[in-house]
Amino acid sequence: MEHQTSRRNFLKIAGSSAAVAGAGLVSGNANAAPAKVNVGASTLPYPITAVGKAKGLKVDAPVSFNYPDASSPCVAIKMGQPTPGGVGPNNDIVAHSILCTHMGCPVSYDASAKTFKCPCHFSVFDPDNHGQMVCGQATENLPQIQLSYNAANDTFTAIGVTGLIYGRQSNIL
């Protein structure tokens, strides 16, 4: 007497067998000690780049510069109120990459709303809150350029980047 298995029953049996075999592989290492990994602090060699003088900035008037290299457009903005990550006499100067984290379109600063807006897919970012993504297609915050302020000569410089600039595997090429 021949026993025929339907296609549906065959798939049920094969799927169950694969699940049991997979569970055995996963649980086989459950009691093993985790491998020790030496995670040292790595610092990317960001350049120190002069951006401008604090007194030369006007509130809500972006100043363009490139950082960390010539193919990375950025803007510095005097927000007019103390801002997280801000530098200067009033801690109100921030800088961000202007490449949208969704598809790399250049964002523009809207002074009336105090936001960066992407014209391609309508993402909106908040420079008052570390470039946080407010709405739109982007899933990451706008990269913030880390600034340093020298009160003696009223200059601020770019010293690093928080976040990944669009289209890169590393901010330093």
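Yeah, the Cβs are placed from backbone N, Cα and C, and that goes for glycine too.
As recorded in Swiss-Prot, the features of this protein are as follows:
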- 1-35: signal peptide (SIGNAL)
- 60-156: domain 'Rieske' (DOMAIN)
- CYS100, HIS102, CYS118, HIS121: [2Fe-2S] cluster binding site (BINDING)
- CYS105-CYS120: disulfide bond (DISULFID)
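Residue environment of CYS105 (disulfide bond) contains 16 other Cβ atoms, counted within 10 Å of its Cβ in all protein chains. Under 8 Å, Cβ to Cβ, and six or more positions away along its own chain, CYS100 ([2Fe-2S] cluster binding site) finds PRO106, VAL107, CYS118, CYS120, HIS121, SER123, ALA138, LEU142, TYR166. Proximity of HIS102 ([2Fe-2S] cluster binding site) to non-local residues of its own chain (separation of 6 or more, Cβ distance below 8 Å) is seen for CYS118, CYS120, HIS121, SER123, GLY136, GLN137, ALA138, THR139, TYR166, given in sequence order. For CYS120 (disulfide bond), the Cβ neighbour count at a 10 Å cut-off comes to 14, with all displayed protein chains included.
In the shown protein chains, 12 other C-beta atoms lie within 10 A of the C-beta of HIS121 ([2Fe-2S] cluster binding site). Every protein chain shown contributes to the tally, and the Cβ of CYS118 ([2Fe-2S] cluster binding site) ends up with 24 other Cβ atoms within 10 Å. Summarised as a single figure, the pLDDT of the domain 'Rieske' (60-156) averages 97.
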